[in-house]
Amino acid sequence: MTVASIYEDLVIFGLLLLAGFAVREIIKPIRKLYLPASLIGGAIGLILGPQICGIIPQPESFSSFSGTLINLMLTGIVFGVVINKDKVTSYLDYSVANQSVYGMQMTLGPVVGLLLATIWTSLPESWGIMGLYAFHGGHGTAATAGALFEELGVADNQTAGAVLATIGLIVAMTIGMAVVNFGIRKGWAKYVKEPQSQPAWALGGPLPKEKRTSIGTTVTNSIGINHLALQLSWLFLSYFVGKWLIKGLTMLWPAASNIPSMLYGILGAMIVWPLLKKLKLDCYVDKQTISQLCSLCMEIIVLTVVATLNLKFLAANIVPILIYSVILVAMTLFLSFYLPYRFAEDEWFEKGCMIFGHTTGTGATGFALLRAVDPESKSSVGDAHGVYSALSCWQNALPAVVPIWMMSGIALTVGVGGAMLVACLIVGFGYFARRKAKRKKEDRQKVEIG
């Protein structure tokens, strides 16, 4: 590959992305499933590519983009994270419930995957963990784990992750909206009596002028350096620091040479960002711009992964993938609503909608379900999810770590996930459920006295 050939491949990427965007804008039912243009564009590339129609060639670089750009994306996700300590304790019931679902998927997924692999022997090694990253992270996170598996010599987990992530998005909106309608009829929703539809601009089309926001804030004069180039350079610096840290560690501990490259940026960001804050140079960092750079990487990753799906693998393993999905979705649905019902003193149904949408699709699908039951944003669930996202930022590093654990069996992964689940349930039932029961008892006594 040359720079010129990569440029030509990016032209094809742009054309497919625009085609996906056009299809999403024209065929309105697709919007309601919250399928992104990158996913649709990738599907168009897959259909027109050599595996089906043979109309367009598969660009050589498409199979390499995910493994490379994920390094940059993971660096940006960790770089610049700030946790607001004041809000943490206010929303812990939501965080405990959400983290319980994460622990369940991390525990149950590998076990179900291993059992199904004894029947369908064509399933790739360690594929059972892909459900966690497909459901609890979406296409980008699944691509991260899949790329590491490829680096470790396991093919086709990339395809399994992309398929599971697509199933998750569809499930989040179809089953999610069915639960929304059922819950409102039962009187569980606090703020509405009937499901609220999304405004047209939330699903597609141009944003109204009053809803448009900037994608970042300049932090220095462009005469000296371009703002975008500066933010990108911070990410490259973090990757460089992490890379040389691992090289130095390898001299002392040769086994460190097995650490995958996608961890370089994460480790580097954990050094560079605190150092910038200590030196009071964090004023030159704009987290919003860095997040946009990560989003751009994710668009490229999702489209190229979907466009290069292994259809032979999918055809041979669609049945176990569907069985796996049904089991994980059923448990996710149960815990997403039962745990907030037991733990949360208020807005349990709204919290359940957010958790289910987030743990089967993406944060966007979670907010879509939340909006259906809280159209005027009166609940505290949005803030609670923001706190959870800050507290669980360490999860962003796990797709670059857990596949390594899985290569030696499921025991460590299942053990960590199980411990996470049990710890959250102990805190939830031992503290939040008891607190809720106590408050209910006090309220009844007040009514009786009154």
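A Cβ is built for glycine as well, from the same backbone N, Cα and C atoms used for every other residue.
TrEMBL annotations: computationally assigned, not manually curated.
Look at TrEMBL and you will find 6-23 (among others) tagged as transmembrane segment. Within the chain carrying the transmembrane segment (6-23), a Cβ under 8 angstroms from the stretch's Cβ atoms is held by residues 30, 36-45, 56, 59-62, 299-300, 303-304, 307, all 6 or more beyond its ends.
Taken from TrEMBL, the feature transmembrane segment covers 35-57 (among others). Long-range contacts of the transmembrane segment (35-57) within its own chain (CB-CB distance under 8 A, at least 6 residues past either end) are made by residues 12, 16-21, 23-24, 139, 166, 169, 298-300, 302-309, 311.
Residues or ranges marked as transmembrane segment in TrEMBL: 63-83 (among others).
The transmembrane segment annotation in TrEMBL covers 104-123 (among others).
Same-chain neighbours of the transmembrane segment (162-184): 32-35, 39, 130-131, 134-135, 137-139, 142-143, 146, 192-195, 302, 305-306, 309, 314, 318, 321-322, 324-325, 329, 333, 337, 349, 353, 356-357, 360-362, 365-366, 368-369, 372-373, counting only residues six or more beyond its ends whose CB sits under 8 Å from a CB of the stretch. The transmembrane segment annotation in TrEMBL covers 162-184 (among others).
As annotated by TrEMBL, transmembrane segment applies to 228-246 (among others).
Here TrEMBL flags 252-276 (among others) as transmembrane segment.
Panel annotation: around the transmembrane segment (296-315), residues 13, 16-17, 20, 36-39, 41-43, 45-46, 49, 51-52, 58, 62-63, 65-66, 69-70, 72-73, 76, 122, 124, 139-140, 143, 146, 155-156, 158-160, 162-163, 321 of the same chain, lying at least six beyond its termini, place a Cβ under 8 Å from a Cβ of the stretch. The annotation transmembrane segment is assigned in TrEMBL to 296-315 (among others).
The transmembrane segment annotation in TrEMBL covers 321-341 (among others). Long-range neighbours of the transmembrane segment (321-341) within the same chain, counting only residues 6 or more positions beyond its ends whose Cβ lies under 8 Å from a Cβ of the stretch, are 93-94, 96-97, 100-101, 104-105, 108-109, 112-113, 116, 128, 131, 135, 160, 163-164, 167-168, 171, 175, 179, 314, 348-349, 351-352, 355-356, 359-360, 428.
Annotation comment: TrEMBL describes 404-432 (among others) as transmembrane segment.
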Problem set entry | Same-chain residues near the transmembrane segment (63-83), Cβ under 8 Å, at least 6 residues beyond its ends | 1, 140, 143-144, 146-147, 150-151, 158, 234-235, 238-239, 242, 261-266, 268-270, 272-273, 282, 285, 287, 290-291, 293-294, 297-298, 300-301, 304-305, 308, 390-391, 393, 396-397, 399-400
Problem set entry | When counting Cβ pairs under 8 Å to the transmembrane segment (404-432), the leader among 104-123, 228-246, 252-276 | 104-123
Problem set entry | Beyond the flanks of the transmembrane segment (104-123) by 6 or more, those residues with Cβ under 8 Å of it | 129-132, 135-136, 160, 313, 316-317, 319-320, 323-324, 327-328, 331-332, 335, 359, 402, 406, 410, 413-414, 416-418, 420-421
Seminar exercise, completed: Sequence-distant residues near the transmembrane segment (252-276) by C-beta distance (under 8 Å, 6 or more away from its ends) are 70-72, 74-76, 78-81, 144, 147-148, 151-152, 234-235, 237-243, 245-246, 282, 284-285, 396-397, 400-401, 404
